Structures are given as C-alpha cells and as structure tokens.
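According to TrEMBL:
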{"type": "REGION", "residues": "1-33", "note": "region 'Disordered'"}
{"type": "COMPBIAS", "residues": "7-18", "note": "compositional bias 'Low complexity'"}
{"type": "DOMAIN", "residues": "41-161", "note": "domain 'MTTase N-terminal'"}
{"type": "BINDING", "residues": "Cys50, Cys86, Cys124", "note": "[4Fe-4S] cluster 1 binding site"}
{"type": "DOMAIN", "residues": "188-420", "note": "domain 'Radical SAM core'"}
{"type": "BINDING", "residues": "Cys202, Cys206, Cys209", "note": "[4Fe-4S] cluster 2 binding site"}
{"type": "DOMAIN", "residues": "423-485", "note": "domain 'TRAM'"}
Amino acid sequence: MTDQTHPAHSSFSSSPAAGEGSDDAVVSRRADVDPSDAASKRVFVRTYGCQMNVYDSDRMAEVLGPQGYRTTDTMDDADLVILNTCHIREKAAEKVYSELGRIRKLKDERGPEGKPLMVGVAGCVAQAEGREIARRAPVVDMVFGPQSYHRLPDLIARAARGESVVETEFEIDEKFDALSRQAERPTVRRAPSAFLTVQEGCDKFCTFCVVPYTRGAEVSRPLAQILREAEQLAAGGVREITLLGQNVNAWHGEGADGRPWGLGRLLRRLAEIPGLDRLRYTTSHPRDMDDDLIAAHADLRELMPYLHLPVQSGSDRILAAMNRKHTRDDYFRLIERIREAAPGLALSGDFIVGFPGETDADFADTLDLVRRVEYAACFSFKYSQRPGTPGATMADQVPEEVKTARLIELQALLTEQQQAFNRSRIGMRMEVLFEKIGRMPGQITGKSPWLQPVQVEAPQDMIGSIQTVEIVGLGSNSLFGRLVAGHNDRAAASGAVSKEDAI
Ligand code: SAH
Ligand code: SF4
Ligand code: F3S
C-alpha cells in the first residue's frame, strides 16, 4: 500500500488543491519565450512535492525565459534539467536519486561529443542535503534551495565555468522582491486557474516535519506585492487563484493605513479584483483560523466552499507528541464554527499513521475523529522518520507492518467518505470553471467548487469560462455533468446565474 497522492497531481483532481506533500512528480510546462525561436536552449523541469514547488517551477521557467530557454516536456532534448524536489517523506527524497541515475545514463549516451547537459537539483532535498547531493550523484552541476531561484542565471553561468555550485542560503525577502519584479512583465495569457505564494516557511515545528528546516522561518509576502501579482494574473485571464503557504492562514500584512491585515482581510480585497471569481487558500493550520477568516467564508461568494485543514491524528496524546498544540476537541469546536459560518463547506485533511508511540487506542481515536468530521477528501501517510526532526529519534517507533495495516484501514474509511460526498452531488446544480479539453471527444473538463473534476459535453471555446452544470453521474475519479441552458458565464454575459443560485 502506498501513500495517497497529492490532490493536485492525482487522477481525481488536476487542479490546485488542498494538501501538500506528494511523492509524485509533475512536469512543468510554462514557457514565456517565443516558441518560434529554434535557436533557443531547452530546459526540462521535473516537479515533486507540494503546490509551492509547482509555483516555484513556473517561476524558474520564467526566470530562464529571457536567458533564451524554452521549456520542454522531454528530457531527451534538454540542455538543462532541473529537479525541483521534496523532502517530506523518505520515499519522496529517494526518488530524486533514482531520477539522477537515469539522467546520468542519458548524459553517458550523449557522450563527450554530444549535446551538453547541465543538471540542477532545486527544492527541499537541495536545501536539506546541500553538497551531499553532488557527492552522491556527481552528475549534478548545481544544488540550490527554494530561496535561490531568482539567481538561476548567475548559478548557470558559474556552473558553465566548471564550478560545482551549492546555494542554500535563506534570503526569502530577496526572493519575494524578485518574484514581484517578474510579475510586472507584460500580460501573458494564462490558464484559468493559478497559484500565488503569499507566505513561505513555518515556525510550528511539528515533531515529524522537515518543512521548518527546508523552507525556513515563516515569512509573509507584502500586501502590495500580492495585489500586484493577483491583478496581473486576472489581466491574463485567470479566474481562480489559490493562495499558497506552508501555513497560509498565518499570513499577515499591513494595510495602507498601517493597520494589520490577516488572511481574511486579504481575501476580501482580492475578491474585489474584477475577473477573479474564485479564491482558495492552502495549507491552513487549525491554530491560525481566526474569526475574520471564518467570517470571510460566510461573506465572500468568491471564496470556494472547500477547506483543507489537516489534523494529522485524532488522539490527544499523539497530537501532543506531534507538537500540534491543539486537542481533538479544539479541532471539533473549530469545525463547528466554520460549518456554522459556511454550511455548504466541505473539508479535507491530512493524516499520519504510525507516529512513534501510536497505540491501537490512539489509532481508534483517529478513525473516530474521521467518522465524526466526515471529510470530502483526505491524504494519509505512513509516518516517515526524517533526519534532524525530533520524531526520528523518539522511542517506540511503530513497526512498518502495523503502519501499513493502519493506513489500509484509514484509507478505506476515507475513500468511503469521499465516494459518499461525490454521490451527494448528483442532481445538484453547480458552477464549474472549465480548464481543459476532456478525456472523451467533445468533452471539456472543469472543476467544481469542491475541487472535483467535472466532465461535460461542451464546446472548447468554453474553456476559461464558468458555467452552470447539473451533475448527472459519477466516474471513478470525476463527476459527469450537463450544461444548464441559459446559465452563462458572468464574465461572458450579463444577467447570468448568481453564485448563490448555483452553489
Ligand atoms: N503545512 C501543512 C502540511 C505540510 S506537509 C500542515 O501544517 O499541515 C504535508 C503533509 O505531509 C502533512 O500534513 C503531513 O500529513 C505529511 N507529512 C509531513 N511530514 C511527514 C512525515 N515525516 N511522515 C509522514 N507524513 C508526513
Ligand atoms: Fe510541517 Fe507542522 Fe509546519 Fe505544517 S505546521 S509545515 S506539518 S511543521
Ligand atoms: Fe515537500 Fe518541501 Fe513542499 S518538503 S511538501 S516540497 S515544502
């Protein structure tokens, strides 16, 4: 039994989604260079892990555009390969080394006379392991952490001179400034749904987690930068933005009058930007859900009725050992308040089974919590010992076979709940944001307010629009719907269906 995949990359949802920490990879395809430029170099970026890595990979492609690089979907014709890596679980980190083995073979096949290949390792494995990567895999020319992407042109130049580049300093403000300068480029046409990083890093230090070490301390991106990027995205045709942060609901900023802003206030401001019809944010920590953010769910029709709120365990003993700093009752009370404010809201979460010291009774508490909350979708993982985290050296590590049995049991329950949630959408009318061509001829695929993929027979020119759809059936991983006649996109026609009608 393997861990469940990240929703952004799983077959269930191809969209920005709740949850972080996939062990799966996706290929980044953004290119801001003129595709007719046959003389340009090619960069292949493979992205592992969470949505923030997806966002960062796109930014790397953007930085490389003016350097003459186009993105490519195959490694075979690449001049530069970048692996944007994840360190969250052992399996995720080890994948990088097997990929580096394949790259080494490719380089050998090209031979000394063939096209040169430069190799970079970015992301959280780079940050955690630094020089060790190049020692273990000499094919690697550059190792650089998540705060160094804007310096890529310089790193490439140094590597081209034969230097073995290792760049893992934390200077996050500089990165945010550079991201903002990038956002000031002329408007480019974009996919209907986009990520926007508003916060990076984490100060929570859950005892199982590497993120505070790989992404550094919690830093919020300044308000003005965020608004500028959001306006730029909207001008490029983006209809949905997912705000990203390892602790996104800890975001804080300052308004023009010097007053403090929290995430709720930010969402209210973003909802005013014309064309931005859908807002999401991920990942939230239960301790940072403040009253204003909860109220925003009641007040903003743009804020989608779906919240990823990981709890990790249902046992108070294990929650304390994990340093989560909340109890199961705190979590129940919080959910009650959120559901009171936004009755149609659906929840997703992350769970870890087999944390050190977890007994059968602790695990039973987790199952009980899941039964009481009723999730729409969840991600669950076997505990993985991460070097340098307190959990790794705790006594009473749980045997692998116990972890496996618990994961199977938990996932069966979570799958049941997900199927029940999907079934409950049948017959419902909802707004769907169409994003791409569908699986079958004549179909296009969109996303429901609850992040479910929806397949509909509709013309391709509806991609990028929001339409009212009635759900008529269920696929294994998606919903099937039909367009509701007369309910057109608000942006495309006046007098269209209101969100209140549709959700
Ligand atoms: N910031 C988010 C999640 C970050 S990592 C939060 O606070 O919840 C994404 C998920 O990976 C976590 O929610 C957790 O369920 C899982 N995860 C993190 N470290 C892990 C580990 N050592 N072993 C197994 N799963 C882990
Ligand atoms: Fe990791 Fe905990 Fe921070 Fe989430 S809150 S990133 S699980 S340390
Ligand atoms: Fe992985 Fe780093 Fe994201 S460890 S989950 S890529 S923050």
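These residue numbers are counts, starting from 1, taken along the chain as shown.
The backbone N, Cα and C atoms fix where each Cβ goes, glycine too.
Here the structure is a predicted model, which means the values were calculated and not measured.
Location within the structure of each feature annotated in TrEMBL.
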residue	record	DSSP class
Cys50	[4Fe-4S] cluster 1 binding site	coil
Cys86	[4Fe-4S] cluster 1 binding site	coil
Cys124	[4Fe-4S] cluster 1 binding site	helix
Cys202	[4Fe-4S] cluster 2 binding site	coil
Cys209	[4Fe-4S] cluster 2 binding site	coil
Determine the binding-site residues, out of Cys86, Cys202, Cys206, Cys209, lying near ligand 2 in the sense that the CB is under 6 Å from one of its atoms, and give them in sequence order.
Cys202, Cys206, Cys209
When the Cα of Cys86 ([4Fe-4S] cluster 1 binding site) is compared with the Cα of each of the binding-site residues Cys202, Cys206, Cys209, which one is closest?
Cys209
What are the DSSP helix, strand and coil residue counts for the domain 'TRAM' (423-485)?
4 helix, 33 strand, 26 coil
Neighbourhood of Cys206 ([4Fe-4S] cluster 2 binding site), C-beta criterion under 8 angstroms, separation at least six:
Gln312, Met322, Asn323, Arg324
Using the centroid of the Cβ atoms of Cys202, Cys206, Cys209 as reference, list every other same-chain residue with Cβ within 8 Å of it (recorded [4Fe-4S] cluster 2 site), in sequence order.
Lys204, Phe205, Phe208, Val210, Val211, Pro212, Gln246
Listed binding-site residues: Cys86, Cys124, Cys209. Which have a CB under 6 angstroms from an atom of ligand 1?
Cys209
Pop the Cα-Cα gap between Cys124 ([4Fe-4S] cluster 1 binding site) and Cys209 ([4Fe-4S] cluster 2 binding site) into the table, whole Å please.
12
Scan Cys202, Cys206, Cys209 for binding-site residues whose C-beta lands under 6 Å from an atom of ligand 3 and note them, or write none.
none
When DSSP states are grouped into helix, strand and coil, how many residues of the domain 'MTTase N-terminal' (41-161) land in each?
66 helix, 25 strand, 30 coil
Distance, Cys202 ([4Fe-4S] cluster 2 binding site) to Cys50 ([4Fe-4S] cluster 1 binding site) (CA atoms, angstrom):
14
Just name the most isolated of the binding-site residues Cys50, Cys86, Cys124, Cys209, going by other Cβ atoms within 10 Å of its Cβ.
Cys209
Looking only at C-alpha atoms, tell me how far Cys202 ([4Fe-4S] cluster 2 binding site) is from Cys124 ([4Fe-4S] cluster 1 binding site), rounded to the nearest Å.
13
Packing count at Cys202 ([4Fe-4S] cluster 2 binding site) (other Cβ atoms within 10 Å of its Cβ):
24
